[in-house]
Amino acid sequence: MYLALLVIFLQCSELYAQTNVFTFNKVEIRVQPSVKVKNGAPMSIICHADISKNTDFQLKHNFTFLKDGKLVFMTVSDKEDARYEIPVARSADTGEYECMVQTGGKKGFSNPIDVWVAGMTKPILTANKKEVSEGEAVKLRCELPEEVPPLEFVFRKIKTNSAAKEKRVPEKNQNFSEVEFHVEEGDNILQFDCYGKRQVRSGSERSQYSNSTLVAVKEPFIKPKLITRPSSSNVTEGDQIEFECSTEVADMRGIEIIFQKNRTILNSVRDKKSLKYSTVATQEDSGEYLCKVEQGAVSKTTKLNVFVSELFPKPTLSASMTKLDENKDLKLRCSINGFQRANFSIVRKSPSGDILLKNSRELTIKVNVNDTGNYTCKAEVKGIVKESKRVRINVYAPVSKPVLSVASGSPEVVLGKPLQLICHSAMGTPPITFTFYKGDEIMKNVTNDTYATFLDEDTGLNDNGGYKCDARNNHSSGVKTSNIVNITVIVPIRDASFGSFPFGEVEIGSDTAFLCSVEEGSWPIDFKFFKKTDHEVLLHQVREYSNRTIWHKRTMKRKDTGTYYCVASNRASVDVKSRPITISVILAAWQKGVIAAFVLTAMAGAGAVALWWFLRKKKKAKGPSMEMSGSALAPNLTNEKLTRQPSDGNFYSGSGYIEDNENHMKSTDESKGPDLESAEVDYTEVEVSSLDPHRAPEQKGTETVYSEIRKTNNGK
C-alpha cells in the first residue's frame, strides 16, 4: 500500500515539474535619473528580468550587480526588478555597470551600461604652521573626503608676481596626501592650495581647488651688503683695494660670511656680522665678486663687479730667430709699447722654476742644443710685475748619416713575405724626418725622434736598385743619405718530382738511380731521400746549386724493396715533399736460369728413377697368363704388325712398333673417346718363334715384342 502511494507521489511530482516551464526573454539595466549624474546627487541602478512562464508560479530571483567586472551589490527578490541605491554619487562610482539574474538553474545577463558621475569632492587643505622662518619647511595635508583611491594630489605654492610651483603626489591606497615645501630666500607671505585628479574610462576627472592657506615668512638675517674702497669703478693697477661684506642678523649663532671671486674663496668668518679683504689691485683682479651669508639651510648672496684699469700693458719678447743651428747667435729683446720706465728681466722656463738669464731688456747668447726651451721677459712698475707670452726657441744639431738595416738581421726575404727596414740616425735634434726609397721610388715619409721603420709588403723578383733612406731635420746642413741595402729575394720550392731508373722492378745486385727535381726555387737546394717504413728513414741528403740531383744506390738487395720519396727545401724554410714511388727488387736473369736448370735436372733424374722402377716391377710380374693375353691381343690390336708381309718377309718390332703403336693409340684414342682415355696400359714381353725356316730370316736368340694391354674402366 505504501509503495503504491510513493509511486503515485513521484508521478505527481514529475507531472508538476513538467508543468513549471519558464525562459528568459531578456535582462535589462538602467540608471535613474540618468547615466550622467552630478557629484553628490542620488543615483539608482535598476535591473529588470523579463521572464515568460507556462503557468502562474512563483520564482526566487538572485540579482547580482557588477561595476567594471567587480561585484558591488547582491539581492534576492520574488519580483522581476531589483534596485542598487547610491544615495550620494561620487566620481569613484563612474564606470561600466551590468547585472546578472539567476533563478531555477538558469541565468540571464544584461548588456553593460556606462555611468558617469561628473565632478569630484572639493579637497580640504591644512598646514602645520602659520608662520615660518627662511630655510624651514611647511608641511601640507590635502584630503578628498568621500572619494575612493587611487587618486592624484597636486599641491601649489603661490608667491606674489611669480609662477606657482607644483608638486604632484599619487596615492593608491588613501584619499589624502602630505607634502613639504621649503621656504626659500625672498619668500615673504606664501599662499598654498591643492586639487585632486582621478583617471576614469573617458579620461580624467579633476576636482576644484581647495581652500587657500596663508603662511607668513620671517627673515633670520637680511641680505648682505658688499662695498669696495676705492669705488669699484675707480681702481687702477697698484692701488690698494679693500672689500667689506656685512649683514644684519637676529641670532648670531651659526652665522657664516664667505667672500669669493668666481669659484675661489678669498676669505670667510663665523659668528660675525661683517668681513673684510684687501689686496694690491692688478688687472687680473677685475671680475665678479660674491658675498654669501649662510645660517642653517638659509643662504643669501650679493654680487659686485670690479674693473681694474691697466697701469701698463704686458711686455713683449722678440727673438732674432726661433729655429737656428747650434753655435749660432740668438738675440732676445723685451719691450713695452709706449712705456719705457720699467724694470726688465729675461728668464727661461724650466720644470723646477724660472731661470734668470739677465736683468735687462736685451740678451745675446751663442746657443747649443741645451738652450732649446721657452723664454719670457718680465716688467715691474710700482710693484706690479707683468710677464710676456712665452717664445719657443729650438736649437738644432745636424743629423748623422743614417744607417739602414733589416729588422730580422738577414738581408734576405722570402718571395711575397713582408720586409721590415729600420732607418736610424745616431745624432741629430728631433724631430727627424726619414724618407724610405725602393730603387728611386719614394715609399714612405716618417717623422720621429731617432729612428723610423718601413714595412714593404710587396717584395718581388723584379725589385732592382736596392733600398736606402734619407734623414733630415731643421738644421741647415740638409739631407743625409744611407748606404744602399740590397735584398736577396728567396723563391720558395715548388712542385718536387721523384723518379728512378730502372723504374718499378730492379734486379738484385744491380744499381738504381733516383732523381729528385723541383719546378722552381732559389739555390742552393737541400735534397733528402727517404724510404717509408714504420717510420721515416733518411737514406741520403745533398745540397745542390741546381734544380735537380741524382743519387745512385749501389747493389740493390731484397730488403731494399719498398716506398721511396724525396723532400726539397731552401732558405725559405718550406719543405716540399714529392709523390712516393714503389721499388720491387727481383731475381736477376742468370739466377733464374740456374734455378730453372736445377729444377729441370732434378725433375729428369726423378723421372728416370721412376721409369726404371716401373719397368723392373713389370718384368717381375711376367707369366703364362700374360703370354695368353699377348697371343690373344695380337690378332686384335696388332694384326697387321704381327703378320709377315709379302714384300720383305720382315716383322715390325722394336722401335718401329713403338712408333706405329703410338700412332695407333692416337687413332684409337680419337675413335674411342673418353672410354679409352681412362684405360690402363700394361706392357709384357712376347716370344715369337720362326714359322718357316725357309722364308724367315735367321734369328739370334729371342726377339722381344712389346704389347699393350688396355684395361678400361668397365673391365672389358
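Note that Cβ sites are derived from N, Cα and C of the backbone, with glycine treated the same way.
Annotated features, as they stand in TrEMBL:
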COMPBIAS  636-653  compositional bias 'Polar residues'
COMPBIAS  661-675  compositional bias 'Basic and acidic residues'
COMPBIAS  692-701  compositional bias 'Basic and acidic residues'
DOMAIN    224-305  domain 'Ig-like'
DOMAIN    313-392  domain 'Ig-like'
DOMAIN    402-486  domain 'Ig-like'
DOMAIN    492-582  domain 'Ig-like'
REGION    624-716  region 'Disordered'
SIGNAL    1-17  signal peptide
TRANSMEM  594-615  transmembrane segment
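Panel annotation: around the transmembrane segment (594-615), residues 587 of the same chain, lying at least six beyond its termini, place a Cβ under 8 Å from a Cβ of the stretch. When Cβ-Cβ distances under 8 Å to the domain 'Ig-like' (224-305) are tallied for each of 313-392, 402-486, 492-582, the top count falls to 313-392. Note on the domain 'Ig-like' (313-392): DSSP counts are 3 helix, 46 strand, 31 coil. Per-class residue totals from DSSP over the domain 'Ig-like' (224-305), listed helix then strand then coil: 3 helix, 53 strand, 26 coil.
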